[in-house]
Amino acid sequence: MTELSPTAGKNSQDIQGDEKLSPRKAPSICSTRYGIAFIVHLCNFITMAQNIIINITMIAMVNSTNHQPSFNDSTEGLPVNSFGDPNNSPKSLPARAPVYDWNPQIQGIIFSAINYGMILTLAPSGYLAGRVGTKRVVGAALLGSSLLVLFTPLAADFGLVFLIATRILQGMSLGLGYGGQFAIWERWSPPHERSQLCGISVSGILLGTCIAILLGGIISQTLGWPFVFYIFGGFGCICFLLWCVLVYDDPVTHPWINITEKEYIISSLAQQVSSTKQPLPIKAMVRSLPIWSMCVCCFSHQWLINIIIIYAPTYISSVFNIDIRNSGFLSALPFIIAWVICLLGSYLADFLLTKNFRLVTVRKIATVLGNLPSSTFLLVLPYAASNYIIAVSLLTLSCGLGMLCQPGVYINALDIAPRHSSFLMGASRAFAQISAVLAPTVSGFLLSQDPEFGWRNVFSLSFVINTLGLIFYLIFGKADVQDWAKERKLTHL
């Protein structure tokens, strides 16, 4: 991968996290860097849809009258179904759509298998992308995930072991894609535009969730559940071709970029992007409190998000005897709101930087707004048991406002260690992904031990964990480039 020229930023400033950033001309949405962001958005859209479609098709894949996964069995991100109540499953599934005798425990294993694969590859994916290029790593991840999704119906026919192995491999591919994509912003995102570019790209995850929920059940009912995998897998292969043609690792190697835009990006990053590949300062990273604060806050926030996605719909169903999964739109509504808030919050963060707000202030404001209101709404959810509309509104707002963390703690690695941000962003997400395994296990235990106050205990624990992680970040979080992350220069005697 061609490196950015170290002389290109001769007249540029060394932008530090706590320095005031000067106003600049508003970026063009038609610029090449924003085109890259939309392509990454599309890739996140399809990979997230591929991630959750088995949760939607599961009700059509099993033939038991008690096939709804219990709340302690699934650690997957979105245990929803498109038909709602198991007893209301379609009476006549399309011909040649096989069904399987999987009990809730087996379904939970199938759902959770993908998380174990993701944990294995999230951290090394960032480092790998920084070394060989985001184009290769994410491209391979997108193609691998798409092919595995296409193979899923056949794997299910071969047996449970083959299906679980396919899910683990798919998780490894998704981990490569999720963790490796951020390396591209080391060389494409001017400091003033990082929040917007990262926000546009990551918001594809939310849109993919919406579309999968809305279309997965319809496709499963009309064509059969295998076609859900065929359609989303095939679309992923098309996205892979677009990725190979349109995405380049840096502006220098891009053949169609405007020369003015190329010079602007290179000059704005001249003091942040290294002209040579440098080894990872692992010891310094392990001793860095700003990095630990970032990892802990990401973990606590992901705990909150997992509780919202997995347990809040189950709580609404158990309290009001209304399964909100009966309505595809109602199930997708929280993610639609989250998609809009993610985009608006990212724009607002960059706007504040142009108004001379300190970078560390903007990052912490976004993190507070993405953590505290969401966990508070979830905390008061059990006390709104008398009103269904209020409860669903609290759930929707909690999920939506949580995305304000995206222009906050989730891109903080680009500020404190831009030369190693790809590895740090992958590592922090791998650390946070542990919550996808722990949160359902701990919450399921609380619910089984105390049927009367179990829900309050689950939501209260989520609030405590989220608040402690937020406080740790507010105390130790930084936004200036750390000394160990600056380029090392050799001194010739």
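Including glycine, each Cβ sits where the backbone N, Cα and C put it.
Copied from TrEMBL, the annotated features are:
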type     : residues : note
COMPBIAS : 1-15     : compositional bias 'Polar residues'
REGION   : 1-24     : region 'Disordered'
TRANSMEM : 34-62    : transmembrane segment
DOMAIN   : 36-481   : domain 'Major facilitator superfamily (MFS) profile'
TRANSMEM : 109-130  : transmembrane segment
TRANSMEM : 137-156  : transmembrane segment
TRANSMEM : 197-219  : transmembrane segment
TRANSMEM : 225-248  : transmembrane segment
TRANSMEM : 332-353  : transmembrane segment
TRANSMEM : 365-384  : transmembrane segment
TRANSMEM : 390-411  : transmembrane segment
TRANSMEM : 423-446  : transmembrane segment
TRANSMEM : 458-476  : transmembrane segment
Among the ranges 109-130, 137-156, 197-219, 365-384, the one whose Cβ pairs under 8 Å to the transmembrane segment (390-411) are most numerous: 365-384
Sequence-remote partners of the transmembrane segment (423-446) [C-beta within less than 8 Å, at least six residues beyond its ends]: 70-72, 74-77, 112, 115-116, 118-119, 122-127, 129-130, 175, 178-180, 182, 280, 285, 291, 294-295, 298-303, 306-307, 310-311, 410-411, 413-414, 416-417, 454, 457-458, 461-462
Range from 34-62, 137-156, 197-219, 365-384, 458-476 with most C-beta pairs under 8 A to the transmembrane segment (225-248): 137-156
Spatial neighbours of the transmembrane segment (137-156) far in sequence, C-beta under 8 Å, 6+ residues away: 40, 43, 46-47, 50, 53-54, 61, 98, 100, 125, 128-129, 162-163, 165-167, 169-170, 172-177, 180-181, 183-184, 225-226, 229-230, 232-237, 239-240, 243-244, 247
Close approaches to the transmembrane segment (332-353) from elsewhere in its chain (Cβ under 8 angstroms; 6 or more beyond its ends): 21, 191-196, 198-200, 202-203, 206-207, 209-210, 213-214, 308, 359, 362-363, 365-366, 369-370, 395-404, 406-408
For the domain 'Major facilitator superfamily (MFS) profile' (36-481), the mean pLDDT of the predicted model: 84
